[in-house]
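Under the heading active site, nucleophile, Swiss-Prot lists 381, citing sequence analysis as support. Residues or ranges marked as active site in Swiss-Prot (evidence: sequence analysis): 516, 518. Per Swiss-Prot, CTP binding site is recorded for 13, 147, 148, 149, 187, 188, 189, 190, 191, 192, 223. Per Swiss-Prot, the feature UTP binding site maps to 13, 187, 188, 189, 190, 191, 192, 223; the stated evidence is sequence analysis. The ATP binding site annotation in Swiss-Prot covers 14, 15, 16, 17, 18, 19, 71. Under the heading Mg(2+) binding site, Swiss-Prot lists 71, 140, citing sequence analysis as support. The annotation L-glutamine binding site is assigned in Swiss-Prot to 354, 382, 383, 384, 385, 404, 471. Residues or ranges marked as domain 'Glutamine amidotransferase type-1' by Swiss-Prot: 291-543. Swiss-Prot lists 1-266 with the feature region 'Amidoligase domain'.
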């Protein structure tokens, strides 16, 4: 039967619950445990699909087309054998929506619908369903202990601990042990109060993960254990690390996996973390450095491009290259030519996905620079659409645009997808008036690459599967004039013949794709497209 480890956070947000939980999952997986992970988000949005990247960061897309929290990206990157799906992320909004739909159908037989038991029962059913078929399920609860929004989730966890018993449920709590510079010491009181807050709602942590930017002394560890009623060996020190991929080793060296296996009655071999050691060794000991200019409109918050950042890091690990990302505000680039110096200093240029017209002229400016100066260029999603628009305007000399930016454009080289088949093979129909949430081409889709194209050479195959998140596509009636002018259409969707990729034959490395390759990159091997891109950047740097 599935065992559950619930993960909560206290004192402050952004402690790294997702990374810590994923690191623990990686260690358990290295011991042969079949493990999965789920993120519970207390906000009322049904999913993060329409949330501002400035507030929420990246939206991570799963194979089955779910728009989810960026922590699911960490889960997939740390785990070898588990892929996330719609069942691995749910919000308060989704829970309430499900309960209200049941009430409308009369499933509660006219009863008064309440937070307890109806909302908590729905949460419990989702948790249990997400763990089916696995040895261990790690359940991360978003937010911070004490937040009013998370109380129904905390109550559901409390009930599950009682119902499942000690041998099937554990609670792991992350907390901050701050260092007070003026006093020259770390302070345990915030951790004590965080656990006190948990205990006030009926939850006692079995494991404490103590986050700090300074060393925590053995005396403070004993003090934390004494005043939080947690075994001393279950008080785990987790200081800031040079690489997040060091965390599995950090947890393992403090015997956290042994403690969990003992509690759950799991007799398993020792964890083999040699793969993680190799990743860390390559990351911390690069042999060269390249700079990638990322031109976007959410660059003030790097988490908005978390999977791309990680994919570039993974490619750097693969080639033993330190990939430095120089973020350029696309909107500022439109009018500030001084920012062109950053493009000049870059070894490669990347334009990521995005929505809306704001900043597009700055991105087009960067694409023109990359094309004319033979700088390696990678366009993703909107980055491909703008590469097509740039080429049409500056090479074909037509006033091309996207109907997303100008519905009345005379040359709609990019247009709204009105019909397509989703990941289940079901017909989806959209219009300009459709809801924004959940109305895109989402999830894993098959594509066919043109034999002999650069992209086919990069993948080593002509049939690939990549994840998508977009509602606009290239207009196929422009394929012939573009190809006659020198742009190669190198990939098409397998069923609808939608354009998936373009490239330039007279450019050392100019590739743009409609899909999102960053979602499937791994620290153990990277992703073929990003690996090739970083290699091209390295070659460009060496040839300067």
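Yeah, the Cβs are placed from backbone N, Cα and C, and that goes for glycine too.
Features per Swiss-Prot, on structure.
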{"residue": "13", "record": "CTP binding site", "Cβ neighbours (10 Å)": "12"}
{"residue": "17", "record": "ATP binding site", "Cβ neighbours (10 Å)": "25"}
{"residue": "188", "record": "UTP binding site", "Cβ neighbours (10 Å)": "21"}
{"residue": "189", "record": "CTP binding site", "Cβ neighbours (10 Å)": "12"}
{"residue": "381", "record": "active site, nucleophile", "Cβ neighbours (10 Å)": "22"}
{"residue": "382", "record": "L-glutamine binding site", "Cβ neighbours (10 Å)": "26"}
{"residue": "384", "record": "L-glutamine binding site", "Cβ neighbours (10 Å)": "26"}
{"residue": "385", "record": "L-glutamine binding site", "Cβ neighbours (10 Å)": "28"}
{"residue": "471", "record": "L-glutamine binding site", "Cβ neighbours (10 Å)": "19"}
{"residue": "518", "record": "active site", "Cβ neighbours (10 Å)": "28"}
Given the recorded positions 14, 188, 516, which lie within 10 A of residue 381 (active site, nucleophile) by CA-CA distance?
516
Quick one: largest C-alpha distance among 14, 15, 16, 17, 18, 19, 71, binding ATP per the record, in angstrom?
12
Note the Cβ centroid of 14, 15, 16, 17, 18, 19, 71, the recorded ATP site, then list each other residue of that chain whose Cβ lies within 8 Å of it, in sequence.
9, 20, 21, 74, 174
Among 190, 354, the most crowded of the binding-site residues [Cβ within 10 Å]:
354
Indicate whether residue 140 (Mg(2+) binding site) is helix, strand or coil by DSSP.
strand
Shortest C-alpha distance to residue 385 (L-glutamine binding site) - which of the binding-site residues 15, 18, 192
18
Compared by Cα position, which of the recorded positions 13, 382, 518 is the closest one to residue 19 (ATP binding site)?
13
Counting only residues 6+ apart in the same chain, whose Cβ is under 8 Å from the Cβ of residue 18 (ATP binding site)?
39, 70, 71, 74, 75, 140
Go through 16, 383, the listed binding-site residues, and name the one with the sparsest Cβ surroundings, counting other Cβ atoms within 10 Å.
16
Given residue 404 (L-glutamine binding site) and residue 516 (active site), what distance in Å do their CA atoms have, once rounded to a whole number?
19
With every protein chain in view, how many other Cβ atoms are within 10 Å of the Cβ of residue 191 (CTP binding site)?
30
Quick one: pull the CA-CA distance for residue 16 (ATP binding site) versus residue 223 (CTP binding site), whole Å only.
23
Which whole-number value in Å describes the distance between the Cα atoms of residue 148 (CTP binding site) and residue 14 (ATP binding site)?
18
